[in-house]
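Following: one structure in structure tokens, then a few remarks.
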Amino acid sequence: MADASEHPECSEDKEFTSEPEEETKSSPEEEEEEVDMDVLRNLFSRTLGLGSADKVLDELSLEGVARYIKSDKCKNIICMVGAGISTSAGIPDFRSPGTGLYANLKKYNLPYPEAIFQIDYFKKHPEPFFALAKELYPGQFKPTVCHYFMKLLKDKGLLKRCYTQNIDTLERVAGLEGDDLIEAHGTFYSSHCVSYSCHKEYNLDWMKDKILSDRIPSCDECSSLVKPDIVFFGENLPARFFTSMKMDFPSCDLLIIMGTSLQVQPFAGLVGRVSKSCPRLLINMEKAGQADPLLGLLGFGSGMDFDSDKAYRDVAHISTCDDGCLALADLLGWKEDLDALVKQGKNWCDSPGGKTKDDEGGETADKPSTASAKQQEEESR
Ligand SMILES: [Zn+2]
């Protein structure tokens, strides 16, 4: 068994803060300040009538968005996605208290439920996290229609990047590759030894095997704890999140936001980083990201504006993410392409060798999901 307490806190802390800093000079706090500054800039330029906020869509509707995508003006699409795109794959929101999942953790005597995702707590008591990971481990990784729609955008040469809050790796299973993706809250796709001096990387199959067999993952080299590369509370977001957003958002032609209530910062603040002319399509079960209604009335606020007299670029399509993507694909004349991708993906997932793309484990690496994992997944719903 790995005992995280064997390792001096200082070196571990150094590891978690030093790595992201290699690529970005700004701290997350500075980045957030910068986001706030953008909000102020937008606020002043709009209320004072500075700058141009061209109306790009001929109609604030899914049809209007589809016509824009088909025009030659829309070349760079950014998708921002959250837990809502994976719910139809049977994956509950991993972090949300109140899903009933925390109730099963009583035996671990957590000081408070969220401690399970707190990095300091995890290093001392990794058991509850891995128990929850096992409980939530999908019987099989099966992307949704929405995931394949993003793959279709990539195939059409329109996807600039997908910013995801999800850690379930389904974007990768659907065929998006590392360069297409910013996994803002990290991913289960890879894991690392928590020892600063070792930091050995492990793949998904290795971690899956440990999780499903109730073993606390410890490093083959140094027997320290091994942690999936998901971002715990108390850890920085990946450096790529900050470096890429600066490059990507100013040149974005269309922002498609799916399955997120836009409440977690700094992710939610990304909607304010596109140009003032850039249309923003929300596909979600409810409207999200809107400015405070009172501030909105006064013409202030830089949130989403779907309904006011001043609305000029934001479209809300209220539906499941899958239905919204199907409707959009239909309007674009891409229905057959999407169906083909979904079918191809299903066949691949159902085949005995079905496994995550560019997995390092070789042909036979993926074991069929165990009955117990599936059963546990059912029970947890
Ligand atoms: Zn190690």
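Every residue gets a Cβ built from N, Cα and C, even glycine.
Not measured: the values here are computed from a predicted model.
Here is what TrEMBL says about this protein:
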- 1-36: region 'Disordered' (REGION)
- 1-28: compositional bias 'Basic and acidic residues' (COMPBIAS)
- HIS185: active site, proton acceptor (ACT_SITE)
- CYS193, CYS198, CYS219, CYS222: Zn(2+) binding site (BINDING)
- 345-381: region 'Disordered' (REGION)
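Distribution of TrEMBL features across the structure.
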residue: HIS185; record: active site, proton acceptor; contacts (Cβ under 8 Å, 6+ apart): THR164, GLN165, ASN166, ILE167, ILE230, VAL231, LEU237, PHE267
residue: CYS193; record: Zn(2+) binding site; contacts (Cβ under 8 Å, 6+ apart): HIS199, LYS200, TYR202, CYS219, GLU221, CYS222, SER224, LEU225, VAL226
residue: CYS198; record: Zn(2+) binding site; contacts (Cβ under 8 Å, 6+ apart): CYS219, GLU221, CYS222, SER224
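In the structure shown, the C-beta of CYS219 has more C-beta neighbours within 10 angstroms than that of any other entry among the binding-site residues CYS219, CYS222.
Listed in sequence order, the recorded positions among HIS185, CYS193, CYS222 whose CB lies under 6 angstroms from an atom of ligand 1 come out as CYS193, CYS222. Close to the recorded Zn(2+) site, the chain also has VAL194, SER195, SER197, HIS199, LYS200, ASP220, GLU221, SER223, SER224, VAL226: residues not among CYS193, CYS198, CYS219, CYS222 whose Cβ is within 8 Å of the site's Cβ mean position.
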